[in-house]
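Student: The annotation alpha-D-mannose 1-phosphate binding site is assigned in TrEMBL to R51, R153, R164, R171, S209, D211. Per TrEMBL, the feature Mg(2+) binding site maps to D237, Y249, T254.
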Amino acid sequence: MICFKFRVQNPTLPVTKSKLFTLTHYQVTSFSSEKAYTFDSNGCEEARFDRFASTPKMLEFMRELRKVITVGVVGGSDLVKISEQLGNSVINDYDYVFSENGLVAHKDGKLTGTESLKSFLGDEKLKEIINFTLHYIADLDIPIKRGTFIEFRSGMINVSPIGRNCSQEERDEFEKYDKVHNIRPKMVSVLREKFAHFNLTFSIGGQISFDVFPQGWDKTYCLRYLDEFQEIHFFGDKTYKGGNDHEIYESERTVGHTVTSPDDTMEQCKALFFS
């Protein structure tokens with residue numbers, strides 16, 4: 001899951017304190033003294049944005065874009081996975097890098113903030129969630145299962161019915177199967193009801209998994225680091241209710257744009273920044 005944020009830079013304008021900013025899964029972000037724009041790169045039907053983002057075509061586009069805007073990255077995955085997709089030097093290649101929805105924040109290559117799910121919920125509640133989820137998956141009848149059904153991150157739990165150790169081909173097949181049989185939506189519905197008293201958000205994203213985190217720890221979380229920005233435009237594909245771009249897309253601090261593919265993302269970006 002990848003997102004992009006951008007801000008237009010105009011040296012003729014004085015730097016003024018802004019009011020808005022935005023983010024989403026893996027996202028490249030750019031800022032200006034007045035505006036910020038974001039673009040999501042989560043999974044889409046025709047191509048995975050996160051895979052596409054590291055191709056020469058997209059990297060060249062980012063280089064051209066950075067000539068007119070400041071660029072940052074924010075994603076739902078941890079920094080390791082973002083680095084795998086955008087390069088090991090990602091925290092130095094962009095001005096801002098927000099992993100795990102901004103629960104781990106880097107600016108200018110330096111760690112500037114972290115939040116811990118373990119500290120927030122406590123081990124007993126975490127164990128209850130994990131045990132119930134593993135039992136549910138054990139009883140789930142789907143064509144194949146692999147390994148790493150639950151991944152514990154600093155600020156969230158990532159749940160994958162098929163298991164994150166599956167191959168890319170198996171990911172693609174599960175995504176198709178899920179669209180027909182609603183494996184993830186049904187599972188989320190059960191968990192949401194079971195743990196309603198924990199005040200959690202369940203957010204479906206990518207091809208094979210969904211995230212579990214406290215309410216308010218969605219992609220809007222990193223907005224707290226961006227108070228100086230006045231206007232924020234967000235671009236994402238999973239902007240529907242229940243998608244992991246929905247909260248940031250609907251936020252009163254952003255202007256939301258839905259995109260359908262990497263090419264669509266670039267075209268919309270060109271219209272905004274190069275016209």
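Keep in mind that glycine also has a Cβ here, set from the backbone N, Cα and C atoms.
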Student: Does DSSP put D211 (alpha-D-mannose 1-phosphate binding site) in a helix, in a strand, or in coil?
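Tutor: DSSP call for D211 (alpha-D-mannose 1-phosphate binding site): strand.
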Student: Using DSSP with the three-state reduction, classify D237 (Mg(2+) binding site) as helix, strand or coil.
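Tutor: For D237 (Mg(2+) binding site) - judged by DSSP and reduced to three states - the answer is coil.
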Student: Quick one: what's DSSP say for R171 (alpha-D-mannose 1-phosphate binding site), helix, strand or coil?
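Tutor: Once the DSSP labels are grouped into three classes, R171 (alpha-D-mannose 1-phosphate binding site) ends up as helix.
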Student: Within 10 Å of the Cβ of S209 (alpha-D-mannose 1-phosphate binding site), how many other Cβ atoms can you find? Include all protein chains, please.
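Tutor: S209 (alpha-D-mannose 1-phosphate binding site) is surrounded by 26 other Cβ atoms within 10 Å.
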Student: Spatially, which candidate from the binding-site residues R153, R164, R171, D211 is nearest to T254 (Mg(2+) binding site), comparing Cα atoms?
Tutor: D211
